[in-house]
Amino acid sequence: SQIFRFYLIETFTVDDVLEVIGFGKFQWKISLLTGLSWIADAMEMMILSILGPQLHCEWRLPGYQVALITSVVFVGMGISSPLWGNVSDKYGRRVGLTICMCWTLYYGLMSAFSPVYGWLLVLRGLVGFGIGGAPQSVTLYSEFLPVKSRGICIMLIAAFWAIGTVFEVLLALWVMPTLGWRWLLGLSTIPMAIFVSFCFWLPESPRFDVLTGRSEKAMETLTRVAKENGKTMPQGRMIAYQQSDRGQIKDLFAAQYWRTTLPLWFIWFAYAFSYYGIVLLTTELFQAGDSSKIEPTCSLECKYLTSADYKDLLWTTLAEFPGLLVILLAVDHIGRKRSMALCFFMFSLCILPLFACIERTALTILIFVARAFISGGYQVVFVYTPEVFPTGSRALAMGTSSAMARVGALITPFVAQVMLRTSVYLTLSVYCGVAVLAGVASLILPIETLGRSLQESGKEEGKERKGKNTVTSRPPADGLNHPSDDG
């Protein structure tokens, strides 16, 4: 009984340590470093809306070849996202994130030297393959956060995405009129270069180390975090589940998770479909003046982007900041599920008035509000996904979910640009319908993760369902010197 009481009092988990350590200097540092990878991702995505019109004129490309420059990036991302997730679950979050950023940096620079269209297509596809691993930065970051700070902190990381998009437009405004698109491609890799230069500082997730049986390494990392935050480590032994068969797709369809996986994949699809759809619709509807003037155009019609176009693009991009602020307030008050549903329903409500012929000012306001909510909601799903899945399959869940988002992003140009020429009302109906269905899917998710600690394994999820009163007296290894088990 003495031994049982000793383990009951003197044991702790990674979550317990992170709660004691709290949010401090270390978390600010890792916020900035993982934020750089988010900025790099945003810049590589934003460049697609700038590169297409330029090459359309400079290389005299037909419309379908311009579209392929964008599509090939999403294809690369869709293929690689589950692969990077698998790598991160098997070999570590730090390993997966560092390799994908190095990959993207190399091929991003190489694409600036593309001699012909074919080479550009291949190299941008390889860039997309690398960008597919960027969401793993959220996985790594979330595993260093205490429960009470996780929602707001991951949402704040989303601010780096908005900063990246704004920075890319400003960079294009400065570079494109004088130096051209090759310099823009090259200079857009600067955040990735900075990340790669400082990635040696980035530690491996202690949750991953514990799950792979490296408790000593996890304790070293947690001790380092406590030291940087000026806090003291708790005394005792660390308990954890060890799991060897990590990163398997079947884990996402285990009995306790398949009801979460399927609707969550659709939610990711709907967010990317709606987000990139409203971005493309903005340009189409603004150019037409109103929906009644939309008609087919010649695919070889050439028009360079002007300073006024870049400024309009900048204003559109700035719409993401108010959306982020609204959701930042909601995510820790009404919960993750309701926040996602709110964003989808508000997006669909903003789409409905577009069925009528409205003036440009009203059109601008509605599109901006729609983009604000859909971009803010997009960040909530980045909070929810790593919270709902255990450490052993968390990176794979992020990877497969991101792949579903890329499918949505790949399809949406054919709706926002091609279908729009056939029927404006059908196009708006598709976006409105998808948003409503995704809002319903958000509400029927079986697990609300607000205030919930990160699960280390599927076994913990099962135990939570049965009750949290079971105590184990198994002493796991942690590499610390403790009193003998015999005493």
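Each Cβ is built from the backbone N, Cα and C atoms, and glycine gets one as well.
TrEMBL labels come from automatic prediction, so no person has curated them.
Note that this is a predicted model, so its numbers are computed, not measured.
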Can you identify, from 63-83, 357-377, the stretch that TrEMBL calls transmembrane segment?
63-83
Counting only CB pairs under 8 A, let me know which of 63-83, 153-175, 181-202, 396-416, 428-447 has the most with the transmembrane segment (338-356).
428-447
Positions whose Cβ lies under 8 angstroms from the transmembrane segment (30-51), at least six residues beyond its ends:
69-70, 73, 97, 101, 104, 108, 127, 131, 134, 137-138, 140-141, 144, 153, 156-165, 167-169, 171-172, 176, 181, 184-185, 188-189, 191-192, 194-195, 198-199, 201-202, 279, 283, 305, 313, 317
Quickly jot the same-chain residues contacting the transmembrane segment (63-83) by Cβ under 8 Å, restricted to those at least six beyond its ends, or write none.
44-45, 48, 51-53, 55-56, 100, 117, 120-121, 124-133, 135, 249, 299-300, 396, 399-400, 402-403, 406-407, 409-410, 413, 417
Mean pLDDT for the domain 'Major facilitator superfamily (MFS) profile' (30-450), rounded to an integer?
83
What residues in the same chain, six or more past the boundaries of the transmembrane segment (396-416), come closer than 8 Å to it by Cβ-Cβ distance?
67, 70-71, 74-75, 77-79, 81-86, 88-89, 132-133, 135-136, 138-139, 247-249, 251-252, 261, 264-266, 268-277, 280-281, 284, 381, 385-386, 388-389, 427, 430-431
